[in-house]
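First the structure, in the form of C-alpha coordinates, and then the observations on it.
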Amino acid sequence: MLPMITGFMNYGQQTLRAARYIGQGFMITLSHTNRLPVTIQYPYEKLITSERFRGRIHFEFDKCIACEVCVRVCPIDLPVVDWKLETNIRKKRLLNYSIDFGICIFCGNCVEYCPTNCLSMTEEYEFSTYDRHELNYNQIALGRLPMSVIDDYTIRTILNSPQTKNEVNPLI
(Lines of atoms letter the chains of each structure in order from A and count residues from 1; the text may use other names and numbers.)
(Lines give C-alpha, C1' and ligand atoms only; values in the text may rest on other atoms or scores of the structure.)
Protein backbone atom coordinates (compact mmCIF):
# COMPACT_ATOMS: atom_id res chain seq x y z
CA MET A 1 0.00 0.00 0.00
CA LEU A 2 2.85 2.39 0.80
CA PRO A 3 4.52 2.12 -2.65
CA MET A 4 1.18 2.85 -4.27
CA ILE A 5 0.74 6.06 -2.23
CA THR A 6 4.26 7.27 -3.00
CA GLY A 7 3.64 6.52 -6.68
CA PHE A 8 0.54 8.73 -6.64
CA MET A 9 2.52 11.48 -4.87
CA ASN A 10 5.28 11.32 -7.50
CA TYR A 11 2.63 11.38 -10.21
CA GLY A 12 1.04 14.46 -8.64
CA GLN A 13 4.40 16.23 -8.35
CA GLN A 14 5.23 15.45 -11.97
CA THR A 15 1.82 16.73 -13.06
CA LEU A 16 2.32 20.00 -11.18
CA ARG A 17 5.85 20.39 -12.58
CA ALA A 18 4.57 19.80 -16.14
CA ALA A 19 1.77 22.35 -15.63
CA ARG A 20 4.33 24.88 -14.35
CA TYR A 21 6.56 24.36 -17.42
CA ILE A 22 3.59 24.72 -19.75
CA GLY A 23 2.59 27.92 -17.92
CA GLN A 24 6.13 29.34 -18.26
CA GLY A 25 6.13 28.65 -21.98
CA PHE A 26 2.70 30.20 -22.36
CA MET A 27 3.85 33.35 -20.53
CA ILE A 28 6.76 33.69 -22.97
CA THR A 29 4.32 33.32 -25.85
CA LEU A 30 2.06 36.01 -24.39
CA SER A 31 5.01 38.38 -23.88
CA HIS A 32 5.68 38.28 -27.65
CA THR A 33 2.20 39.55 -28.52
CA ASN A 34 3.18 43.18 -27.80
CA ARG A 35 6.12 43.13 -30.22
CA LEU A 36 6.00 44.49 -33.76
CA PRO A 37 6.14 41.94 -36.58
CA VAL A 38 9.61 41.21 -37.92
CA THR A 39 8.54 39.95 -41.32
CA ILE A 40 7.88 42.26 -44.25
CA GLN A 41 5.84 41.81 -47.42
CA TYR A 42 8.92 41.63 -49.66
CA PRO A 43 8.00 42.73 -53.15
CA TYR A 44 5.95 45.64 -51.84
CA GLU A 45 8.03 46.57 -48.79
CA LYS A 46 11.80 46.64 -48.47
CA LEU A 47 14.19 47.34 -45.65
CA ILE A 48 16.69 50.12 -46.15
CA THR A 49 20.15 48.59 -46.39
CA SER A 50 23.03 49.89 -44.30
CA GLU A 51 25.67 52.05 -45.93
CA ARG A 52 28.23 49.24 -45.59
CA PHE A 53 26.00 46.75 -47.42
CA ARG A 54 27.84 44.76 -50.10
CA GLY A 55 25.56 44.56 -53.11
CA ARG A 56 26.20 44.64 -56.85
CA ILE A 57 29.53 46.10 -57.92
CA HIS A 58 29.48 49.38 -59.86
CA PHE A 59 32.32 49.88 -62.36
CA GLU A 60 33.55 53.13 -63.91
CA PHE A 61 35.25 52.33 -67.21
CA ASP A 62 37.05 55.68 -67.58
CA LYS A 63 38.84 55.40 -64.23
CA CYS A 64 40.18 51.87 -64.73
CA ILE A 65 43.89 51.59 -65.58
CA ALA A 66 43.81 47.80 -66.19
CA CYS A 67 46.24 47.08 -63.35
CA GLU A 68 44.44 43.81 -62.52
CA VAL A 69 44.73 44.31 -58.76
CA CYS A 70 41.07 43.31 -58.46
CA VAL A 71 41.84 39.97 -60.10
CA ARG A 72 44.83 39.31 -57.83
CA VAL A 73 43.01 40.05 -54.56
CA CYS A 74 39.84 38.18 -55.51
CA PRO A 75 39.74 34.81 -53.70
CA ILE A 76 38.25 33.15 -56.79
CA ASP A 77 40.01 35.20 -59.55
CA LEU A 78 36.64 36.38 -60.79
CA PRO A 79 36.94 39.71 -62.66
CA VAL A 80 37.86 39.23 -66.31
CA VAL A 81 40.05 42.10 -67.49
CA ASP A 82 40.96 42.29 -71.19
CA TRP A 83 43.47 44.95 -72.12
CA LYS A 84 45.86 45.89 -74.89
CA LEU A 85 49.29 47.45 -74.49
CA GLU A 86 49.55 50.74 -76.36
CA THR A 87 53.21 50.84 -77.36
CA ASN A 88 53.27 54.47 -78.42
CA ILE A 89 52.18 55.73 -74.97
CA ARG A 90 53.43 52.69 -73.00
CA LYS A 91 50.18 52.20 -71.13
CA LYS A 92 47.49 49.56 -71.00
CA ARG A 93 44.17 50.30 -72.64
CA LEU A 94 41.16 48.52 -71.19
CA LEU A 95 39.10 46.65 -73.75
CA ASN A 96 36.62 44.65 -71.69
CA TYR A 97 35.77 44.15 -68.01
CA SER A 98 33.23 41.64 -66.71
CA ILE A 99 32.15 39.99 -63.46
CA ASP A 100 29.95 36.91 -63.11
CA PHE A 101 27.69 37.53 -60.11
CA GLY A 102 26.59 33.90 -60.13
CA ILE A 103 30.06 33.05 -58.81
CA CYS A 104 30.92 36.24 -56.89
CA ILE A 105 30.98 35.89 -53.09
CA PHE A 106 30.66 39.67 -52.51
CA CYS A 107 33.71 39.83 -50.26
CA GLY A 108 34.54 43.40 -51.32
CA ASN A 109 38.28 42.87 -51.76
CA CYS A 110 38.22 44.19 -55.33
CA VAL A 111 36.57 47.41 -54.17
CA GLU A 112 38.86 47.84 -51.19
CA TYR A 113 42.15 47.36 -53.03
CA CYS A 114 41.35 49.19 -56.30
CA PRO A 115 43.96 52.00 -56.59
CA THR A 116 41.76 54.27 -58.74
CA ASN A 117 38.44 53.64 -56.93
CA CYS A 118 36.73 52.64 -60.17
CA LEU A 119 34.85 49.87 -58.31
CA SER A 120 32.22 50.48 -55.65
CA MET A 121 29.49 48.48 -53.94
CA THR A 122 25.86 49.44 -54.48
CA GLU A 123 22.75 48.58 -52.50
CA GLU A 124 21.28 46.44 -55.29
CA TYR A 125 20.74 42.83 -54.24
CA GLU A 126 18.05 41.54 -56.58
CA PHE A 127 19.69 39.14 -59.02
CA SER A 128 16.71 36.87 -59.67
CA THR A 129 16.86 35.28 -63.10
CA TYR A 130 15.97 32.03 -64.81
CA ASP A 131 19.25 31.83 -66.73
CA ARG A 132 22.55 31.93 -64.85
CA HIS A 133 24.31 33.38 -67.89
CA GLU A 134 22.39 36.62 -67.37
CA LEU A 135 24.40 37.14 -64.18
CA ASN A 136 27.58 37.73 -66.19
CA TYR A 137 27.77 41.54 -66.31
CA ASN A 138 30.09 43.36 -68.72
CA GLN A 139 31.38 46.93 -68.33
CA ILE A 140 28.17 48.41 -69.74
CA ALA A 141 25.91 46.56 -67.28
CA LEU A 142 28.33 47.23 -64.41
CA GLY A 143 28.34 50.94 -65.26
CA ARG A 144 24.60 51.39 -64.74
CA LEU A 145 23.69 52.86 -61.40
CA PRO A 146 20.78 51.07 -59.70
CA MET A 147 17.73 52.93 -58.46
CA SER A 148 17.95 53.57 -54.76
CA VAL A 149 15.43 51.84 -52.54
CA ILE A 150 14.62 55.18 -50.92
CA ASP A 151 13.93 56.85 -54.29
CA ASP A 152 11.71 54.07 -55.64
CA TYR A 153 8.10 55.25 -55.32
CA THR A 154 6.59 51.85 -56.20
CA ILE A 155 7.62 50.24 -52.92
CA ARG A 156 7.23 51.17 -49.29
CA THR A 157 10.45 51.36 -47.28
CA ILE A 158 10.38 50.13 -43.71
CA LEU A 159 12.01 52.66 -41.42
CA ASN A 160 10.91 51.29 -38.05
CA SER A 161 12.49 47.87 -38.33
CA PRO A 162 14.33 46.42 -35.32
CA GLN A 163 17.62 46.83 -37.19
CA THR A 164 17.18 50.58 -37.74
CA LYS A 165 15.88 51.09 -34.20
CA ASN A 166 19.09 49.61 -32.80
CA GLU A 167 21.21 51.84 -35.06
CA VAL A 168 19.37 54.98 -33.96
CA ASN A 169 19.37 54.16 -30.23
CA PRO A 170 22.52 52.12 -29.55
CA LEU A 171 22.25 52.65 -25.77
CA ILE A 172 18.84 51.01 -25.40
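Residue numbering: from 1, along the chain as shown.
Glycine is treated like the rest: Cβ placed from N, Cα and C.
Note on the domain '4Fe-4S ferredoxin-type 1' (55-84): residues 49, 91-101, 103-107, 109-125, 127, 137, 139, 142-143, 145-146 of its chain, located 6 or more positions outside it, place their CB under 8 angstroms from a CB of the stretch. The domain '4Fe-4S ferredoxin-type 1' feature in Swiss-Prot is assigned to 55-84; the stated evidence is sequence analysis.
Long-range C-beta contacts of CYS67 ([4Fe-4S] cluster 1 binding site), restricted to its own chain and to partners at least six residues apart, with a cutoff below 8 Å, comprise LYS92, PRO115, THR116. According to Swiss-Prot, the feature [4Fe-4S] cluster 1 binding site maps to CYS64, CYS67, CYS70, CYS114.
The local packing around CYS110 ([4Fe-4S] cluster 2 binding site), expressed as other Cβ atoms within 10 Å of its Cβ over all shown chains, amounts to 22. What Swiss-Prot lists as [4Fe-4S] cluster 2 binding site is CYS74, CYS104, CYS107, CYS110, and the listing cites sequence analysis.
Counting residue by residue with DSSP, the domain '4Fe-4S ferredoxin-type 2' (95-124) contains 5 helix, 9 strand, 16 coil. Marked as domain '4Fe-4S ferredoxin-type 2' by Swiss-Prot on the basis of sequence analysis: 95-124.
According to DSSP, CYS67 ([4Fe-4S] cluster 1 binding site) sits in a coil region rather than a helix or strand. Here the candidates are the binding-site residues CYS104, CYS107, CYS110, and by Cα distance the one nearest CYS70 ([4Fe-4S] cluster 1 binding site) turns out to be CYS110. Once Cβ contacts within 10 Å are tallied over all protein chains shown, the binding-site residues CYS70, CYS74, CYS107 are led by CYS70.
Secondary structure from DSSP puts CYS74 ([4Fe-4S] cluster 2 binding site) in coil. CYS64 ([4Fe-4S] cluster 1 binding site) and CYS104 ([4Fe-4S] cluster 2 binding site) are 20 Å apart (CA-CA, integer value). The CA atom of CYS107 ([4Fe-4S] cluster 2 binding site) is located 14 Å away from the CA atom of CYS114 ([4Fe-4S] cluster 1 binding site).
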